[in-house]
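One structure below.
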Amino acid sequence: MAASATTSTLAVTMFGYPNRNCHLKPPATATLRFWRSAAAAAVATSRQEAEAEEADEVRRCLAPARLEVLEQMEPWVEAHVLPLLKPAEEAWQPADLVPDAAALGADGFHAACVELRGRAAGVPDAHLVCLVGNMVTEEALPTYQSMANRFESARDVTGADGTAWARWICGWSAEENRHGDVLNRYMYLSGRLDMRQVERTVHRLISSGMAMHAPASPYHGFIYVAFQERATAISHGNTARNVRAHGDDALARICGAIAADEKRHEAAYTRVVERLLEADPDTTVRALAYMMRRRITMPAALMDDGRDADLFAHYAAAAQQAGTYTASDYRGILEHLIRRWRVAELEAGLSGEGRRARDYVCALPQKIRRMEEKAHDRAAQMRKRPTAIPFSWIFDKPVDVMLP
């Protein structure tokens, strides 16, 4: 968040818009028109350059030789990725983690729900907002399965292919499907949330789709999902710790179970990228640098409740404030993946562009850390106060967040 705000401020300054704290006279109308035209031209040029770069990425990563790498990985996926899935008979199901009326009977179910509500009453509104954001993200699973099926040579072409790649996509989706289900049931039983508004948000998010800001290549796609699975595991794990501290052990078990699934899925996608780096290091590290330059966007960035035009930004600010998912977590994920994939050690098989990509990626965490420190110092100097933001999910009650 801080990085985006900093970038915006720099852009405005570069294009000559006056700083509101300076004592210069505002520019004449003709001058202002000039700067506005210059800014518009620069934005158009930047967009054209980005489109040209993406087209080049597509040509490079979807070349027959690049796709052949994925096709040759099929036996490896069978042996090293598919075993990370759990069969339905062994996997936990939502009914294991929330009260089940059929199993408990009327009186037992009522008593269990009263106990669940009692524990849920102690969870602060800020943590509930983060919980809903996590649940909305999980419920947009149809979008994510569609995204995975964009990856050439690693997709389910017919919807019921027998390839290892196709079986992974279906099995992964089946496991992910439980996450939104169990969170939805818990929230419904808790009585703390406006479920109609939550459901409308899910509806709108699935209708809006998702902007990954990356070519439809398996190289970029698997890097993106490896990053996101770790981010999701962190978010659910932090939520589990936060709500346990406020006495809701049942919700902590739910979030902990989801986090454990996400860690297995992270392991699978991380292994795939590791294998790609071994088989085609130049293409893979350049794809990694491309993704980092574009930034890894969150899958629910298009969430919309029909009321708050900046819902995702406000949710992200609440997550930062509550310690559910922070800018430091983003940097930490990047540092972890660089170590895990041994990016700094890559040398053989790299072109000049590949070496520059490697160096860029390895230097990025320190650059992000410096930006965090500068943003923190600016916030301390400005002595900013939290802003009360109403969230429709909790009946328009306000949550204090620090906005950029």
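Keep in mind that glycine also has a Cβ here, set from the backbone N, Cα and C atoms.
TrEMBL entries are annotated by machine, without manual review.
Here is what TrEMBL says about this protein:
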type: BINDING; residues: GLU138, GLU176, HIS179, GLU262; note: Fe cation 1 binding site
type: BINDING; residues: GLU176, GLU229, GLU262, HIS265; note: Fe cation 2 binding site
*List nothing but the one residue from GLU176, GLU262 whose Cβ has the fewest other Cβ atoms within 10 Å; the candidates are the binding-site residues.*
GLU176
*Run through the Cβ atoms and count how many others sit within 10 Å of the one on HIS265 (Fe cation 2 binding site).*
23
*asked:* Name them in sequence order: residues not among GLU176, GLU229, GLU262, HIS265 whose Cβ is within 8 Å of the mean position of the Cβ atoms defining the Fe cation 2 site.
replied: TRP172, GLU175, GLN228, THR232, ALA233, ASP261, LYS263, ARG264, GLU266
_Residues flanking the Fe cation 1 site, with Cβ no more than 8 Å from the Cβ centroid of GLU138, GLU176, HIS179, GLU262 and excluding those residues themselves_ = LEU141, GLU175, ASN177, ARG178, GLY180, THR232, HIS236, ILE258, ASP261
*asked:* Among all protein chains shown, how many Cβ atoms are found within 10 Å of the Cβ of HIS179 (Fe cation 1 binding site), not counting that one?
replied: 25
